[in-house]
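Over in TrEMBL, the protein carries these features:
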type: BINDING; residues: ARG57, ASP114, ASP115, SER116, LYS156, GLY173, ASP174, HIS251, SER252; note: substrate binding site
type: BINDING; residues: HIS127, HIS152, ASP153, HIS225, HIS251, ASP284; note: Fe cation binding site
Amino acid sequence: MTILIEQQPDLVFPIEGKTIPHETNELILDGGFVMPKQTPNGGFEAPEINAFGNDFRNYNAETERQKSVEEFYRLQHINQTYDFVKRMREEYKKLDKAEMSIWECCVLLNEVVDDSDPDLDEPQIEHLLQTAEAIRKDYPNEDWLHLTALIHDLGKVLCLPAFGGLPQWAVVGDTFPLGCAFDESIVHHKYFKQNPDIKNPAYSTKNGVYEEGCGLENVVMSWGHDDYMYLVAKENGTTLPPAALFVIRYHSFYPLHREGKYTHLMNEEDRECFKWLQIFNKYDLYSKSKVRVDVEKVKPYYLSLIEKYFPAKLRW
């Protein structure tokens, strides 16, 4: 199946009751966020609050947005099981849903809004460019990391009908291991009480079905856009380094890179790649801010990186 991506010359972006025509060639990255601070050397410094006036990743604030986020995690924690993930990986490793380029997928992702994110309610293409440009400014020589930032969320197309139209709880949100005990650091942990896996003694211990130091590659993670994009990149023969694939696959694994949990399952290669994930996460989370990106200006640069690290067309 091939998806054709059509140009949208009349696309406009709303901002404070106004519209900015597409002809300005500027993508308006606006969710009401404060402007990120610039360090003296021009680098990126994280803002303190998100678009809704709350701390980043604050899952307890009493807002309508937070209520929908909590409902998302209730469904995710009930339905993400070891057997479910096995079925999803078996189905999606076929890569028979579409054939398109990386940039075409970036455009397609503009149709997706992530219901699990308490900090962002804007189309995903805006977040991709925010993250990539922020990293590019601070790490100008790591072009692979710039591209990784651009593509890290492309797996969210799983929400779209052509890719199975999966419910958001099977696409977005924080990820966590299956087949072992659910660590209490996982956001809205209380809803795991209704997960069928909780009744399986084999999954109820710290190591569960795994051995200490087995490597995250051998751990079954909750299914979503992270693992899907990892499969797409790997199976299409990307030449991105292992650290890039690690970032793509585990960037939503907040119990690990924010809380320091599940490190007992990591091996030496994981620990080396983890250094880059920690760098990346700062930009992935905190670059969701009011920043203008000139799309036409940056597009040739990212197209050159796509050509360097990926084939012209990919199976999805």
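Backbone N, Cα and C atoms are what each Cβ position is placed from, and that goes for glycine too.
Any TrEMBL annotation is an automated prediction that lacks curation.
On a predicted model such as this, the values are computed, not experimentally measured, just so you know.
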Under 8 Å between C-beta atoms and at least six apart in sequence, can you list the same-chain neighbours of HIS152 (Fe cation binding site), or say none if there are none?
LEU128, THR131, MET229, VAL247, ILE248, HIS251, PHE280, ASP284
Rounded Cα-Cα span from HIS225 (Fe cation binding site) to ASP174 (substrate binding site), Å:
10
Within 8 Å of the centroid of the Cβ atoms of HIS127, HIS152, ASP153, HIS225, HIS251, ASP284, which other residues of that chain place their own Cβ, given that this set defines the recorded Fe cation site?
LEU128, THR131, ALA149, LYS156, ASP226, SER252
Using C-alpha atoms only, work out the spacing between HIS225 (Fe cation binding site) and LYS156 (substrate binding site) and round it to an integer in Å.
5
Whose Cβ, among the binding-site residues ASP153, ASP174, ASP284, has more other Cβ atoms within 10 Å than any of the rest?
ASP153
